Amino acid sequence: MSATNSASTLITNIGELMTQDMEHRVLKDAAIVIEGERIAWLGSTKDAPAADENIDAQGRAVLPGWVDSHSHLVFAGDRTAEFEARMAGESYSAGGIAVTTGATRSVSDDELTRLVRDRVAEAVSQGTTYLESKTGYGLDVENEARSARIAAAEVDEVTYLGAHLVPDGSDPEEYTDLVCGPMLDAVLPHVRWADVFCERGAFTEDQSRRVLRAARDAGLGLRVHGNQLGEGPGVALAVEFAAASVDHVNYLSDKDVLALAGTWAGWDPATGAGTKGTVATCLPACDLSTRQPLAPGRELIDAGVQIALAANCNPGTSYTSSMAFCVTTAVLQMHLSVHEAVRAATYGGALALGRESGNDVDGERAVGSLAVGHRADLHMLKAPSATHLAYRPGIPLTGSVWRAGVRVV
């Protein structure tokens, strides 16, 4: 997902420019200038400077591009039979991961690359401009390394998820040793993050702690799948290891909420200054597909926890890349305001990936908000305001998309 462009572009007559900057500005009759890959200026249309190219937004809304901080794009096959069984009343368990692992191992590098590339294109066509993807359907050294290498060529952020499930026939402790040793070494050149599925039927608290400790010692940022199927140790582990995010968070005790809120006590939401805490990443499309309770996004926000929304595209529990669907669900079912939901799907995702601030972090500009110096990732709607995302559920409202200053839709 890379492109360059050195010309300047001026977009005027923006009906609503939802910046998602630290001031939460929403500008009316606005304009924005893109130079190369960065935002060079934004303000009122009447004050707009000249540029090489001029685009009239005709009153449409412009948002930051979606930042999808949780997906599983490196896979082959599907699990429609599992979905149908679940809709008929069977409960979700993590066992279907093994089905996808077999299908993924069976395809060539070229075919797996094509599949990932097609999924990225689908996401971009709906306004996603920054994408994370995990490994986790290889589950041996060779195939996890292959998944990481392919993902690194196609998405913005790669997360190592060898600790997704213990493969059939493997000893859990021996497999955890593999995840913490040779498999970790094999993926390191391609990944920035490590994750663990800390849940019944997957990895125990002690096994998860070993995985997180090994990944931290290897210099990787940390993420946790936790509290999806019931209350458990996932949130506490994420807090203990200062993980960037804990994802799913469907079942939270009061203690879990307080612990997450405590990680944000030293961070100023008005300026972004101070020590960041652990983001709670909500995955509403997954919750609907698995018929789990929706994550308590409203409660988390009210407690002072920063949240993200992500699509969790995967073949078993959330086969969608539609961030707009997640925003709609957050507004209609999770009781977030439109502004809160859009912020969680843009700035919140950037926060969960450590890409929310600074103009040069590992060679990447800040994403998830619209401000001078940030990467020019824009999502223009076929509507005058972001409210239409929830007001008109299911309607494809993406009009135009710019990624790193290049118009891609």
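A Cβ is built for glycine as well, from the same backbone N, Cα and C atoms used for every other residue.
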Which of these, Tyr137, Tyr160, does Swiss-Prot list as part of the N-formimidoyl-L-glutamate site with Asn314, Gly316?
Tyr137
Of His24, His190, His225, which does Swiss-Prot put in the Zn(2+) site with His70, His72?
His225
Out of Arg79, Tyr137, His164, Asn314, point to the one nearest His72 (Fe(3+) binding site) in space (Cα versus Cα); all of them are binding-site residues in the record.
Asn314
Around the Fe(3+) site recorded as His70, His72, His225, what other same-chain residues have a C-beta within 8 angstroms of the site's C-beta center?
Ser71, Lys134, Gly136, Thr159, Leu161, Asp195, Asp247, Leu283, Ala310, Asn312, Asn314
CA-CA, which of the binding-site residues His70, His225, Gly316 lies nearest Tyr137 (4-imidazolone-5-propanoate binding site)?
Gly316
Which of the binding-site residues Arg79, His164, Asn314, Gly316, Thr317 has its Cα nearest to the Cα of His225 (Fe(3+) binding site)?
His164
